[in-house]
Amino acid sequence: CNKMRGFALLLALVYSATAQHQALIDYLERRLLAIEDRISLWQEQTTRYASELRELKQQMVSQLESLDKEKETLRTTLDGVGTRVDRVERELDYLETQNGAQPCVDVDDKLIEQQVTLVKEKQKAKYFKLTDCSDMISSIKAMKILKRVGGPKGMWTKDTGGASGKVYIFNGTAEETINEFATVQDFTRSAGFSLSTDLKIPSSWKGTGHVVYNNHVYYVNQEEEIKVVKFDTKNKSITDSVVFPVQDHVPVYGLNPETVMDLAVDEEGLWAIYATRENERHISMAKMDSNSLDIEQMWDTNCPRENAETAFIICGTLYVVYNTKQPGRSRVQCVFDVNDLVTNEEAPLVYFPKRYGFHASLKYNPQEQLLYAWDDGYQILYKLSMKKKLEI
């Protein structure tokens with residue numbers, strides 16, 4: 001009987017433990033199901049949020065693209081307005097520098113005859129030197145390539161009057177912005193034009209025939225007529241301009257058709273090198289007053305335009321540079337001295353070292369006796385070896 005009670009008690013304990021275990025299992029299964037439901041809900045919410053974020057991103061991208069287009073349109077409009085404002089300001093500055101509008105009248109035949117007579121008289125007059133300079137080129141002593149910047153055609157120079165050590169870059173043949181560097185060192189170490197100051201001029205230059213002399217830029221402008229414009233680099237304004245008194249201009253150099261006139265500076269001052277249809281095969285030159293821009297005297301030379309690259313003047317002697325048949329080679333092949341001290345037969349042959357293309361410009365600096373050359377975008381210095389004209 002005692003054994004039976006013990007067995008029944010054992011069965012009761014086993015059954016109780018099994019029931020508790022089953023209850024625990026049931027509870028855990030309910031908790032797991034609840035967790036799975038929450039995870040499923042979180043997944044649905046995450047998917048929905050991700051979808052909403054993607055839609056929001058697409059909307060933002062679309063709006064940013066639209067804003068970029070509107071920004072570009074606005075920038076273009078503002079650039080156009082700025083250009084028009086600059087043009088109006090330049091025209092107003094130019095008008096303010098003039099002495100008053102000239103009446104619009106037809107030039108009669110008598111006035112034309114007077115101008116022609118005056119030109120012929122200036123061609124016949126004897127030239128009186130302003131200095132005792134009598135140097136001429138003996139040879140090219142050295143060549144130094146400083147750097148390459150800008151397009152294939154242009155002009156670079158220092159102030160040929162020695163007023164400052166600044167360097168001026170005329171990049172191209174028809175622009176309105178001159179790049180000004182404080183020194184040659186700044187120019188050589190500058191990445192492109194990064195160290196330069198933009199010098200805006202009221203009207204565009206034409207060709208590569210410009211000079212900087214005593215804090216003034218003298219540049220050639222061509223619209224209906226050819227003008228020589230004098231621009232003050234300190235005051236940033238035009239101080240004078242004059243229509244060059246010669247009709248029917250033609251490009252002065254056969255290989256540089258953009259250059260309708262080439263201005264030059266030597267020990268005697270300012271010169272103009274040009275050509276006309278009347279004397280179409282040859283180059284002409286004129287001495288100018290750098291203050292008033294008046295023509296002091298004019299000459300027709302025997303130097304041909306054909307195959308000419310450019311020219312420069314030293315002590316009143318014109319040196320015309322021609323392209324040879326050898327690639328990258330050129331030489332001075334014609335000279336003209338206003339005092340008849342040098343002739344082509346007596347002048348030494350001056351060859352330039354082999355280069356990249358041909359000279360777009362050559363500018364003589366009488367303070368340094370250097371030639372500043374622009375050759376296919378390369379800025380080059382030529383050191384000159386000189387001799388006296390009387391030693392020939």
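In case you wondered, yes, glycine gets a Cβ from its N, Cα and C as well.
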#### Entry: Per TrEMBL record, range annotated coiled coil [choices 25-77, 184-236]
25-77
### Task
Going by TrEMBL, tell me which one of Cys104, Cys133, Cys334 is disulfide-bonded to Cys315.
Cys133
### Task
Measuring CB to CB from Cys133 (disulfide bond), give everything in the same chain under 8 Å that is also at least six residues away in sequence.
Asp266, Glu267, Glu268, Cys315, Gly316
